[in-house]
Amino acid sequence: MLSSRAQAARTAADKALQRFLRTGAAVRYKVMKNWGVIGGIAAALAAGIYVIWGPITERKKRRKGLVPGLVNLGNTCFMNSLLQGLSACPAFVKWLEEFTTQYSRDQQGPHTHQCLSLTLLSLLKALSCQEVTEEEVLDASCLLDVLRMYRWQISSFEEQDAHELFHVITSSLEDERDRQPRVTHLFDVHSLEQQSEMAPRQVTCHTRGSPHPTTNPWKSQHPFHGRLSSNMVCKHCEHQSPVRFDTFDSLSLSIPAATWGHPLTLDHCLHHFISSESVRDVVCDNCTKIEAKGTQNGEKVEHQRTTFVKQLKLGKLPQCLCIHLQRLSWSSQGTPLKRHEHVQFNEFLMMDFYKYRLLGHKPSQHGPKATESPGSALGVQDTQAAPKPGLSQPAAPKTQFFMNGACSPSLLPALPSPMAFPLPVAPDYSSSMYLFRLMAVVVHHGDMHSGHFVTYRRSPPSAKNPLSTSNQWLWISDDTVRKASLQEVLSSSAYLLFYERVLSRVQQQGREYRSEE
């Protein structure tokens, strides 16, 4: 029921309307014309106030415990997801900060162009909450402008790939590093005249030949840089060819064929990556020498061709490990298809089995031996505990390395693997020498022609303990950020996995033992 004041106002309004209707047509026209003029003036004033002072609403501030999102500039979710993943790797952000400092110091004169390293560092520090900002959404268009300067063409109307952008960034950073002045050749008289005179004690030697190639410190320190080792062994004489090392910035793993009812794990992909293959019709110098020794009167012996076994391993593991799961396949008709199989992965990754070791080389025995039970916690730098393993452990020593992707029963169902080696449900991480921790996961939703990239990443550490690692996970889709659980992360169909190396319990005890000596 209306109050007495409301009823009085309604009665007065009805009387005013009746008086207006009883007036003549000319009077009503003048009144309505004046109202139109007044309304137009009010609208103009409102528009002017909006232009000068902006909207009256306040800017939304970021909620506590979350990170800034990134605005989608038009099919730029691939870039936003990769930036969120890189910002969750503290070792890469720290290296990039040191790299930009050294690059700025080594450059002669002012910068004539915008540097990729400085632009990338500013974005990653803002996304990892290392810079003071309360904005909920950031703009990464500056990175696109810099990449176009590096002659990387990108269209807002085409779908792009996050893994391709990862290699564009790493190669562009390498090009930026190569711009620094190198050792001047003695025949380059013009450059020598421009250099300042050196003190006598700085001159160590002179040479007539070309200078020896110097090692690139950038490559040796880059956190994503690793080396693959490959060697070939003759099946006939068992002669081993020299080991060859090739560099990599990410491991691109193909997904093996799945068996119905059996889950695929990250170990299956890694084992398929390093599995040996036979190479036929290869000239073996050792077999040729053996055959030549058995001949008489120095008869010429043809080159002996045999079958070699090629073995691939990881010669050097990086500090930050990027794993790319190849989800592109081709049908029998030649059309591209996306593989949607779920590949199980763990929060911790053991790479001991896939590491290349020299013949006769044994792991270091310094420090006390591990006396903990299989359920001992990880001795990582932030004292975070590792998952507790189960009661049973595999008896064979080699089986302990195939543990990546066998999650806890509370997270994922433990089913028998389609390969010959067993996968324990809960591995023992305490004795691993090459242990990595999951930092971010990039997921692609959709098919090969269209889709969307999202990222799962760890929340930045608190200001009170900046060296720690947060257990809180975040789900990020461009400018949308929310909290997520570890179970949701491990259940996702990963496209890119970002791991960072940590110390196991045995390594931590060995470091403490050596410091006490």
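Cβ from N, Cα, C; glycine included.
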Swiss-Prot annotation (region 'Disordered') - matching range among 172-203, 364-395: 364-395
Listed recorded positions (CYS77, LYS235, LYS289, HIS452), ranked by Cβ neighbours within 10 Å, top entry: CYS77
Euclidean distance between Cα atoms of LYS235 (ubiquitin cross-link) and CYS77 (active site, nucleophile), Å: 49
Mean per-residue pLDDT computed across the topological domain 'Cytoplasmic' (57-517): 76
For CYS77 (active site, nucleophile), the three-state class that DSSP assigns: helix
